[in-house]
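The next block holds one structure in the form of structure tokens; read it before the comments.
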Amino acid sequence: MLPAESHAFTVFGWIVCVWVLLVSFQYGFHISSLNQIQAVLTCRVRDGAPATYYGLPTCISMSDATFSVLTSIYTVGGLLGSIGANVIMDKWGRKGAVLVSAFIMAVGAGFMAVAASLSPLVIGRLLTGVAAGVGLCVGPIYISEIAPSKIKGSVGVLTQFAIVIGIMSTQAMGLKLATPLTWRIVLLFSSVLSLAQLLAGPMIVESPVWLSRHGLLRDKDASARRLWQGGHAIHSPDVADEDVEDPLLDTDDERSSLNPEHREEHQAAASVPQALLRAEFRRPLAIVCFSMLCQQLSGVNAVLYYSNDILSKTLPDLGPYVSLGITVVNVFMTFAPIFLIDRMGRKKLLSLSATGAILSLLAVGFGLDSGAVTLASIAVMTFIASFAIGIGPVPFVMIPEVSPHQAVSALSSIGLSLNWIANFLVGLVFLPLRNLLSHGEPDKEGRVFYVFAALLAFFTFMLFQTYRG
């Protein structure tokens with residue numbers, strides 16, 4: 001067995017890590033890819049531009065309702081992608097699933113970049129969602145399986161970091177490219193990036209854990225040698241010796257209790273129905289589901305919906321830069337768990353994050369209801385900071401850590417499908433719920449945030465009842 005202190009990435013290992021993280025970057029990129037260019041895309045702003053440019057219309061006219069459908073179809077695609085991701089991951093490997101995601105993203109973003117009418121725009125948006133659904137399932141698992149054990153948590157947090165970098169990138173690009181003649185470049189960039197990821201694919205190695213489970217021991221050894229410093233010492237003469245020498249197989253009590261059969265490398269991969277029904281998967285299933293519900297039912301998208309309006313009133317001269325500023329705070333605060341997650345532990349970081357988020361939601365609600373715009377503005381920023389240090393990144397780290405080897409793909413698909421569904425439902429009910437609770441009175445619109453505070457408190461409590469992290 002290799003000494004734990006020798007487990008570190010080689011330069012090539014870090015290259016593979018960045019390559020995998022591109023799928024998470026693309027997920028974040030397309031969350032807000034249309035927001036910054038909405039006005040020019042939908043023909044609200046023409047600025048005297050010609051009707052066509054390089055043979056393509058400079059805008060595609062649509063109503064607000066149509067644009068809402070176009071935006072939300074991304075969530076539908078994400079759900080479809082996450083439902084089928086476990087089959088792709090187990091059949092074609094982690095690398096194969098990333099390549100599938102990159103191919104679909106290249107096609108989808110390309111469709112959107114050259115769309116001359118609404119139909120190809122909708123099809124492209126749906127495909128980018130499918131790609132994001134597959135990518136968000138495979139990315140955290142791939143990262144966890146190639147990460148050296150001593151920095152597994154820190155490397156796992158990079159998934160969320162890549163997501164917020166993607167959001168920030170599209171917002172920054174939108175500030176300069178949201179014109180009738182250049183908005184397509186935002187979407188073209190995404191397609192070109194995915195094409196580059198595809199072209200780099202042949203030099204990337206498969207996850208040693210996946211290779212090991214499929215009996216490809218020589219390939220596993222070759223992959224380990226390229227990924228890890230000291231990987232040259234790994235040798236797998238037979239299946240029986242393999243998990244003794246594999247530096248990625250943890251031996252801590254918590255993992256053993258969650259994965260009682262983790263040494264049986266060649267068990268058939270569990271399907272989604274098996275993961276839902278078999279007794280041995282109930283606890284990891286509960287942890288995965290509650291962590292995803294904490295993330296989405298925290299009301300993060302509702303806070304972000306209001307943040308522009310609230311902060312624009314506080315900082316009227318910086319209106320166009322408010323969204324970008326919020327994302328910069330998100331990026332900055334996501335640095336903290338990279339360094340803290342392995343020192344503090346998952347549960348402590350989640351506790352700190354959830355406490356800060358709940359108090360911030362209460363403060364946002366009170367600030368909106370009492371007309372204290374400054375308080376609401378400060379609370380928005382503290383909520384985003386609280387979310388970024390725990391609720392945002394930690395669930396992605398937890399999925400591969402708590403899941404039995406044979407069920408990790410299925411549980412990832414279930415968890416991320418639930419994430420997409422919760423995301424969609426929050427977007428669907430937020431405005432009607434706000435209007436119902438406020439009775440149409442602007443000074444009572446903060447009441448909806450009390451609901452999110454209660455939901456976050458409940459699901460955090462339920463998560464901690466099952467997770468001993």
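Heads up, the Cβ atoms here are built off N, Cα and C, so glycines get one too.
These come from TrEMBL:
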type: COMPBIAS; residues: 243-253; note: compositional bias 'Acidic residues'
type: COMPBIAS; residues: 254-267; note: compositional bias 'Basic and acidic residues'
type: REGION; residues: 243-270; note: region 'Disordered'
type: TRANSMEM; residues: 7-29; note: transmembrane segment
type: TRANSMEM; residues: 65-89; note: transmembrane segment
type: TRANSMEM; residues: 96-116; note: transmembrane segment
type: TRANSMEM; residues: 122-143; note: transmembrane segment
type: TRANSMEM; residues: 155-175; note: transmembrane segment
type: TRANSMEM; residues: 181-205; note: transmembrane segment
type: TRANSMEM; residues: 285-306; note: transmembrane segment
type: TRANSMEM; residues: 318-340; note: transmembrane segment
type: TRANSMEM; residues: 349-368; note: transmembrane segment
type: TRANSMEM; residues: 374-398; note: transmembrane segment
type: TRANSMEM; residues: 410-433; note: transmembrane segment
type: TRANSMEM; residues: 448-467; note: transmembrane segment
Could you give the residue numbers and ranges of same-chain residues that sit at least 6 residues beyond the transmembrane segment (181-205) on either side and whose C-beta is under 8 angstroms from one of its C-beta atoms?
16, 19, 22, 25-26, 29-30, 33, 36-37, 40-41, 49, 53, 56, 58, 95, 98-99, 102-103, 105-110, 112-114, 124, 128, 131, 170, 173-174, 222-223, 226-227
With pairs 6 or more apart in sequence, are the transmembrane segment (285-306) and the transmembrane segment (122-143) linked by at least 3 Cβ pairs under 8 Å?
no
Residues of the parent chain within Cβ reach of the transmembrane segment (155-175), under 8 Å, 6 or more residues beyond its termini:
17, 21-22, 24-33, 35-37, 139-140, 143-144, 147-148, 185-186, 189, 320-321, 323-324, 327-328, 330-331, 334-335, 337-338, 341, 388, 392-394, 396-397, 400-401
So what's near the transmembrane segment (96-116) in sequence-distant terms, Cβ-Cβ under 8 Å and 6+ beyond its ends?
19-20, 22-23, 26, 30, 56-57, 60, 81, 85, 88-89, 123-132, 134-135, 137-139, 142, 184-185, 187-188, 190-191, 194-195, 197-198, 201
The transmembrane segment (349-368) vs the transmembrane segment (122-143): three or more C-beta pairs under 8 Å (separation of 6 or more)?
no
May I ask for the residues of the chain that lie six or more residues beyond the transmembrane segment (318-340) and have a Cβ under 8 Å from a Cβ within it?
32, 35-36, 154, 157-158, 160-161, 164-165, 167-168, 171-172, 175, 304, 307-308, 311-312, 349, 380-381, 384-385, 387-390, 392-394
